[in-house]
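If you check TrEMBL, you get these features:
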- Glu78: active site, proton donor (ACT_SITE)
- Glu191: active site, nucleophile (ACT_SITE)
- 1-273: domain 'GH26' (DOMAIN)
Amino acid sequence: MAILGDYIKLDTNAEGLRNIDWHLETIQKLPGNPVYQIALMPNHGLKSLSKLVINRIAAKMEDINQKNVTVWLRFGHEMNGQWYSWGLKPNLFKKKWIHLTLAIRKRAPNTYMMWAPNARFGKSVNSVKGGYSPYWPGSQYVDIAALSYYHFGGPSRLNIVPAQNEAIEKLKEFSKLYGYRGKGKPIVLAETSAPFTRSLFGKVPERGGGSEEEIKISWLSQLFSGKMHGEVPELKAISWFEVKKNEKAPDGRYRKSEDFRLLLGKEEVSQEASSYLAGDWQAD
C-alpha cells in the first residue's frame, strides 16, 4: 500500500483546498490502493472552522473518494504543541474535530479521521502541553490514532545515534492508551525521521559523533524490527518525512540544516535503507 503525505493549509474560507487538485494526479498514479494522508492545517486558527468551511472540506473529501483514492485526514496535527496556531486549545479542538468528523462521515465514506498528536513531551499523558488525553475527542470520532515522532539529538540537535529501544518505548506507551488494549484503534506513525544536522553555513556536521547512515538506519531498524512488531502489533503504517529544511533548534540559538530524508537524499543512505526494507526486516 502506497501512502503519500501532504500538508494543506486551509486559508480563508477553505480556499487552500484547491491545492489538493495539483497533487491528486500523483496520488492516482501510485500502485495498488493508494492512501492520501492529508495534514489539514487550520492556519487561521480553530475558530475559522465555520460550518461553511466544514462543508467545503467534506465536499472535497467526497470528490477525492469518488476518484478511488482513500484519505487519511490528519486535521490539526500536533495539537498538543505550541508551534501551531491551533495548538494548546483542547476544548475548542475537540469541538471542531467532532463537527468535522460528522460532516465527513455523511459524505466521504473512504475518508478516515486520523487523530495525530506529537509524541509526548509533557510531564504526563494528561498534560495540556505535550500530553494526549485532553485532546481525545472520543473513540466514536476517531478512526486511526497516529503520532509525529522523531529522533532528535537533544535540544541542540546533535548527531547522536538513537538509544536502544528509543522508538519502541514511546510507541508502546501510546499504543497502550489508544491501540487495541486501550481505545481500540490502529496505530500509525504519520511523521517520523532521524535527521542529520549540519551548520547552515559551511554545512559542517554537528557534534555528536554519529554518521548520517548510523543515525537513520538505526532509527529505521528500530521501527521495523521484530521487537517493534511484537511489542506494538497495532502499528500498521509508517510515513517517513522526506524533506531537507533549515530550522532553529529548540535551544533557540541559531538555525541549522536538517536533512530528514531517507530515500531521496544521500545515495549511500538510500541504498542501505532500500536494501534493508527489501530484506527480511521482521527477523531483526
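Don't overthink the numbers, they just go from 1 along the chain as shown.
Every residue, even glycine, has its Cβ placed from backbone N, Cα and C.
All TrEMBL annotations are machine predictions without curation.
Spatially close to the residue listed as 'active site, nucleophile' yet at least six residues away along the chain are Gly5, His77, Leu147, Ser148, Tyr149, Tyr150, Ser239, Phe241, judged by Cβ distances under 8 angstroms. Around the Cβ of Glu78 (active site, proton donor), the same chain contributes Tyr84, Gly87, Ala116, Pro117, Asn118, Ser148, each under 8 angstroms and 6 or more positions distant in sequence.
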